[in-house]
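What TrEMBL annotates here:
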TRANSMEM  37-60  transmembrane segment
TRANSMEM  72-93  transmembrane segment
DOMAIN    80-216  domain 'Fatty acid hydroxylase'
Amino acid sequence: MSNSEVGIYLMFGSFDNYRLHSKKDEDMKNLVSKRTVVKGVLFQQTVQAIVAIILFTVTGNDGGPDADSRPSFLLLLRQFVIAMFILDTWQYFMHRYMHHNKFLYRHIHSQHHRLVVPYAFGALYNHPVEGLLLDTIGGALSFLLSGMTPRTSIFFFSFATIKTVDDHCGLWLPGNIFHILFRNNSAYHDVHHQLYGTKYNFSQPFFDIWDRILGTHMPYSIEKRAGGGLEARPAKDYKA
């Protein structure tokens, strides 16, 4: 996770009019300390880096042959789209299953939902087993099935990480390119982190296709929050 990227979100987080939750709610509603979150994220990144090195070594795909051949833009675009779809599909069904299986939710996925009010550097805070199942295996499948090279995968996974951080940043920034390109954004995922939305908006990190197809999409609107700032308010028919 890029320190500069997180720093930018932290800087914007000081402007209350961009926040989807107040700073007070962030401090009081979350069930885990920021120190613990940082330690958990660093551990996840270490594991993923080790798995990536092993994967590149085992496949014998170290990027050497790419030195003299540059794939076309259309090929790169196709690989990116395929990888995005594979990652989204894997994460949707695994994520949804972790919510519906009481054992998995209680002992594994609930760790991520200790962040009732998400923030940028908590994006990859989860149980090590979840990190392995959702992120590491999902990323490996995206890499292998899309046919991308290690060099291309660096750009893809950097993009995926930045998108995931943005989804958890708790901010609704004007002109945010991710909000323009994707309906699955910080407000969409914020709804999922709230009690009324835990059975909806499972899609991550790119599109909301599977939620819409399988009836787990919760519509919402961005409204001004009492006391300042903004709020993602779900449709009245959905909120309990």
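For all residues, glycine too, the Cβ spot is worked out from N, Cα and C.
In the domain 'Fatty acid hydroxylase' (80-216), helix, strand and coil residues by DSSP number 95 helix, 1 strand, 41 coil.
For the transmembrane segment (37-60), same-chain residues at least 6 beyond its ends with a Cβ under 8 Å from one of its own Cβ atoms are 1, 111, 115, 121-126, 128, 131-132, 135-136, 139-140, 143-144, 150.
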